[in-house]
Amino acid sequence: MWINNQSSLDDFILLGFPDRPWLETPFFVIFLVAYIFALLGNISIILVSHLDPQLDSPMYFFVSNLSLLDLCYTSSTVPQMLVNLQGPEKTISYGGCVAQLYIFLALGSTECILLAIMAFDRYAAICKPLHYPVIMNQRHCIHMATGTWISGFANSLVQSTFTVLTPRCGQRVIDHFFCEVPALLKLACTDTHVNEAELNVLGALLLLVPLTLILGTYVFIAQAVMRIRSAESRWKAFNTCASHLLVVSLFYLTAISMYVQPPSSYSHDRGKIMALFYGIVTPTLNPFIYTLRNKDVKAALRRALTKEFWVRTR
């Protein structure tokens, strides 16, 4: 067995895919490469958004917030997963598990709200262009971003506390890659209907409500875009929103399939794949989605590769 007998009884054991051990090496390589790309992509977005004066706008302020969030998101789980995939032990300490649960849930909750704020920014830019500088001034943007982060971490405090305090009767084997609410609730030795109800209510508030606002916002944006006479301007407006819509689709579809359902109906392998998708794949793809579809970001990255750019930023 790969479990060290000397490991603390307070440690949790993360199984991963125990019935498919041959997947460990391929997963290690895939996760490592994805993590490297996530680091490089998100750090690049953060740097050019803050250093390039041509990206000094509310849109890129929120994009850099999303990149910071994704950077922390992957860093809260992937390093521990890499250690467990290659090491003799598949364990995580009790404190490490609680911290991972809280941080991962906080960042996921924050992203739900941040994506809605980014949709509102696009709405203000396209539907209210004359009022945009007033609606999305620097002070308002900082307040919205701060409120988003505080709300996400406050939600995580509630959900993670409920989850951690659920009696487990000594059970410590988690059938997952990392510590997550649905997987931890499966360890409970008492009735978890209250926890499941709380999870579904908060999940609906943080997933379905922002998603509804995003979809409603894009209805107004689509109407405004169709009224634009210039085909070039219409395409530019569409292209500005396309990156955000793609990011929203990748994140929300997988997150809803995980959190807006009772953990008792939770399929282990499906849950693991969904968690890996929104926990690793989406944060890795986000910077490339914004880069490949955005001329301003691509131009800023090209400028960042020149010596003159770094001379000007000193």
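Don't overthink the numbers, they just go from 1 along the chain as shown.
Each residue, glycine too, has its Cβ placed from N, Cα and C.
Annotated by TrEMBL as transmembrane segment, the relevant range among 123-140, 141-158 is 141-158. For the transmembrane segment (242-261), the list of distant contacts is 66, 108, 111-112, 115, 118-119, 122, 181-182, 199-200, 203-204, 207-208, 211, 214, 218, 271, 274-275, 277-278, 281-282, 285-286, 289-290, 293-294: same-chain residues at least six beyond its ends, Cβ to Cβ under 8 Å.
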